[in-house]
There are 2 protein chains.
Amino acid sequence: MAVGPDTLPELKPVEGFRIGVASAGIKKPGRRDVVLMELCEGASVAGVFTKNAFCAAPVTLSKKHLAAGPVRYLLVNTGNANAGTGEKGMADAIRCCDAVAAKTGVDREAVLPFSTGVIGEPLPVDKIVSALDAAKADLNEENWLNAAHGIMTTDTRAKAACEQFEYQGKTVTLTGISKGAGMIMPNMATMLGYVATDAAVEQSQLQQWLSEAADRSFNRITIDGDTSTNDSCILVATGRSGVQVAADNVELSELFVSALNRIMLTLAQAIVRDGEGATKFVEVRVEQAASVDEALQVAYTIAHSPLVKTALYASDPNWGRILACVGRAGVENLDLDALEIYLNDVCIVEKGGRAVSYTEEQGQKVMDGEEILIHVVLKRGDVRESVWTTDLSTEYVHINADYRS
Amino acid sequence: MAVGPDTLPELKPVEGFRIGVASAGIKKPGRRDVVLMELCEGASVAGVFTKNAFCAAPVTLSKKHLAAGPVRYLLVNTGNANAGTGEKGMADAIRCCDAVAAKTGVDREAVLPFSTGVIGEPLPVDKIVSALDAAKADLNEENWLNAAHGIMTTDTRAKAACEQFEYQGKTVTLTGISKGAGMIMPNMATMLGYVATDAAVEQSQLQQWLSEAADRSFNRITIDGDTSTNDSCILVATGRSGVQVAADNVELSELFVSALNRIMLTLAQAIVRDGEGATKFVEVRVEQAASVDEALQVAYTIAHSPLVKTALYASDPNWGRILACVGRAGVENLDLDALEIYLNDVCIVEKGGRAVSYTEEQGQKVMDGEEILIHVVLKRGDVRESVWTTDLSTEYVHINADYRS
């Protein structure tokens, strides 16, 4: 199950960005498991990738190809992560790129490969290659929703978002999709994200804005603290809207960056909402911290605590467990008597203990909701950071004890 | 359920250390929930305590009294942790010490209080005080097993150990008990340990040996990564064996320290074996590391990973999840092709991928056992460290979603 309504906005096409979806039968016959994306000539591409030292072969290859020069195709397969596959894995990823290159007349380096699914099994290259003709024949700009379905693995729902803004009579569109569920945590864990815009943005600027947006979205979500070997997020700017966005145009770049941040946050939060076995969607917000580091330290200690997460699952306003997390987060010289902790707007901890005004009924009312804010006020500075997470349910254990990911 | 046989060795009395157990009806009528321990005059006492900044009132008071001077009584209650209780909590802990002092004719500072149980509820001081006469009347040296039961909370079995060695025709005894389950992790998480010996050891030396032993035992176990507000481990040396242990007697001090390390490790591992919902007892051993820090970094990343822990629960030899943990543990310049990972003696990962010789049957056979060694060889140096942990079961979630701890 997932948290919140399963509705998607209309996904506007992005001119210059076509998508084809096909079925290679990698895990299940008939399942859409291969997605090919085609970028128009002249498109800029930026990417952020997993920081896991054991990054998968396709991640290594995508980074290399992205650095090498113009990208024209993104190839995604589900069902197999091509991770932990050694030299053969790299050869297999290259074979996939070569096959796309041969069928489309571009160089191998113009193809970025992405794989998600089981780790350590050989990539079924022949199956993937045999689906390329169908994926190519399917290429069209209206295919975002199919693509959102085509990149799903243990996801229970498709994830997509769309933003538009007007500038001097022209419309700029940003459309994106993501997948995740399980092994989600900062540094781009087991998740894929693809966002395209018809704005024109120079490559290094695009990379900077993507990195900043990812730090505030995909790198602020956590389900179980694990980081995958394959996570990647790609941002493509086709330029076809005719609107050129550059940092020296402050008004326009603010419009663009805020739309980018919104779409990235929506895509990242959609992954949390669909976290494995999730029944709650939880923001952990740490305010009045002395630094970003200490704010995140406290936020992640709470967000990763199995005891807090099981209490959330039980809708139990167990403020003692939250307080214990703040205490062990490693913040130097924490003033226990000054800090405050809230559930939504209900103060649960002040002066080093349970808030005098607090009643169990108030806490219970907050915890009975599906969307919960755990709000810690450290009273040490003016930094504020949020991370988003889920509860820990028996369903989570069932899924991960049964699924060979 | 717990892992391994539920058997205890004979718990030899320690001369000069008497224990009384009583029922104060704190959570359930009739349950043994108050334990009073009496130290003979002249006994040395050492203690290690939780590093959680929100340490409970009894921890703060125990540290203060321990520093102040000769300790004569330890008072333990279960059912209420007296944590997150602010100024009233401290006043309540003092009242308990005062009551023991009044009944026994010692100073308040000669009493160390310990509480474990629910956080944030006022300590039922009157109930505890009313049980002191019965506890005092029960004081005797043969009471270790009753004490092991008397300090249990969510524990499903009593935890105790005993070591003896001979030196120059005299027998030295070390006997100890522990409790834990849930919220177990380094830095003394929600666990209590009490070890007494009839050796004579000077206080500062006793403290050093206890701290070192705790670092290799209680601070190397983890069930869910949470640290409690109340953890304490106390070591008492009564001196009544007539054997004086000092560092300058190398032979004797080695005998003593190795017995101390063994009893502490047994008590700590017993807590893991009885971890909430545990079905597996797992050692994560990291060998050939460049430093203790990086060895522990890798070991804890594996031991805390919900994905590894659910795979252990499912008896799934999911080497990909272990490999992903090593990759994200943050070790700089890790040589992926050099390192090796074993399940017991089965090599599962080498040269950056699944070991060529590995078969699923081999892995399955290891995972089907109740006791599993995950063994990572980093090939970077000569440091070796182990941590001990459990799997993550649906039962863990049930317990923690139901129990207000």
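Any Cβ shown, glycine's included, is placed from N, Cα and C.
Annotation source TrEMBL lists substrate binding site at A:Thr153, A:Lys179, A:Thr190, A:Glu276, A:Asn400, A:Ser405. In this structure, A:Thr153 (substrate binding site) belongs to neither helix nor strand by DSSP; it is coil.
The active site, nucleophile feature in TrEMBL is assigned to A:Thr190.
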Which of the three DSSP-derived classes (helix, strand, coil) applies to A:Glu276 (substrate binding site)?
coil
Can you name the binding-site residues among A:Thr153, A:Thr190, A:Asn400 whose Cβ is less than 8 Å from some Cβ in chain B?
A:Asn400
Can you check which residues sit near A:Lys179 (substrate binding site), meaning Cβ under 8 Å from its Cβ, same chain, 6 or more apart in sequence, and list them in order?
A:Thr78, A:Thr116, A:Ala148, A:Ile151, A:Met152, A:Thr153, A:Asp155, A:Lys159, A:Met191, A:Leu192, A:Gly193, A:Ile271
According to DSSP, collapsed to three classes, what secondary structure does A:Thr190 (substrate binding site) have?
coil
Please compare the binding-site residues A:Thr153, A:Asn400 by how many other CB atoms fall within 10 Å of each one's CB, and tell me which has the fewest.
A:Thr153
Which three-state DSSP class does A:Asn400 (substrate binding site) fall into?
helix
Would you identify the secondary structure of A:Lys179 (substrate binding site) according to DSSP, in three states?
strand
